[in-house]
Amino acid sequence: MRVGVFDSGLGGLTVVQALSRVIKGADIFYVADTKHAPYGEKTPEQILQYSLNITAYFLDEHQIDVLIIACNTATSAAVKTLRERYPELIIIGTEPGIKPALEQTRTKNIGVLATPATLVGEKYQDLVNVLSAKEEVTLYEQACPGLVEQIENGEIESGKTHDMLEGWLHPMRENDVDTIVLGCTHYPLVAHKIEEIMKREMNLIHTGDAIAKRLLALAEEKGYENRGKFSLCIMSTAKIDQEIIKQIIPEYDCFKFISVKTSNF
């Protein structure tokens, strides 16, 4: 099974981590589109174009069987069009884990950390409207501009990152939030900082494990055998620090810079 995974940067490697725990026989091709990061500050039209170009690259260069959009923002902007354009390709998107958050919260106060684009996206708004209509909960939504850049630059432990998180999380701490949805695949990389600032153990909802389970189920349904070697090739569209990659995924089979052809679809 050949699987293409992409994100605007390194955050999607948290999804690859989850895949590696349950998927055995798969060749994973990961594209970090660092040239255009962060997606959360781009227009939906731009994000759709990036997503179409990367998908075409995966199909032309690596003949993938499965595409995983390891980015909430790109899922919102592109998954519908990609499924229409490539009906034979298995496509798995990433959505904020509102449903599991509703199942796990005790205080009925839920925080959502996400990029600005995800919070205003139609897919997220529809999900919130449907699920919150069934449950009496209070959502504390917080856009986190600049956090992806801090993570990409290896500044997770910096004072600036701490101050940013402190400002965003203070209202949640004061309002007895016990569950926080990590609405961007980069954010699990600062999970320990979130718990430190919240000053208590939290339910932190990340969808990587759900994506891995979905892929395993689809693989079995399509007759792919879950055995053999798990291989990972990481590619980037711009310069990136491999030391940061190794902090997330210590072992991988290859790394290279690539140029994704820009096409007008």
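Yeah, the Cβs are placed from backbone N, Cα and C, and that goes for glycine too.
Worth saying up front: this structure is predicted, and the values here are computed from it rather than measured.
The active site, proton donor/acceptor feature in Swiss-Prot is assigned to Cys71, Cys184. Residues or ranges marked as substrate binding site in Swiss-Prot: Asp7, Ser8, Tyr39, Gly40, Asn72, Thr73, Thr185, His186.
Features as recorded by Swiss-Prot, highlighted on the structure.
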residue : record                 : contacts (Cβ under 8 Å, 6+ apart)
Asp7    : substrate binding site : Leu13, Val15, Val31, Ala32, Asp33, Tyr39, Ala70, Cys71, Ala74, Thr185, His186
Ser8    : substrate binding site : Ala32, Asp33, Thr34, His36, Ala37, Pro38, Tyr39, Gly40, Cys71, Thr73, Ala74, Val148
Asn72   : substrate binding site : Thr94, Glu95, Pro96, Ala114, Thr115, Thr118, Gly121, Tyr124, Gly183, Cys184, Thr185
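The DSSP secondary structure for Thr185 (substrate binding site) is coil. Over all protein chains present, the Cβ of Tyr39 (substrate binding site) has 29 other Cβ atoms lying within 10 Å. Counted within 10 Å of its Cβ, the other Cβ atoms near Cys71 (active site, proton donor/acceptor) come to 33, all protein chains included.
Whole-number maximum of the Cα to Cα distances across the substrate-binding residues Asp7, Ser8, Tyr39, Gly40, Asn72, Thr73, Thr185, His186: 12 angstrom. DSSP gives Thr73 (substrate binding site) a helix state. Residue environment of Thr185 (substrate binding site) contains 31 other Cβ atoms, counted within 10 Å of its Cβ in all protein chains. Using the Cβ center of Asp7, Ser8, Tyr39, Gly40, Asn72, Thr73, Thr185, His186 for substrate, the list of other same-chain residues with Cβ within 8 Å runs, in sequence order, Gly9, Gly11, Gly12, Pro38, Ala70, Cys71, Ala74, Thr115, Thr118, Val148, Cys184.
Ser8 (substrate binding site) falls within neither a helix nor a strand when secondary structure is assigned with DSSP, and so counts as coil. For Cys184 (active site, proton donor/acceptor), the count of additional Cβ atoms within 10 Å of its Cβ stands at 30 [all protein chains shown].
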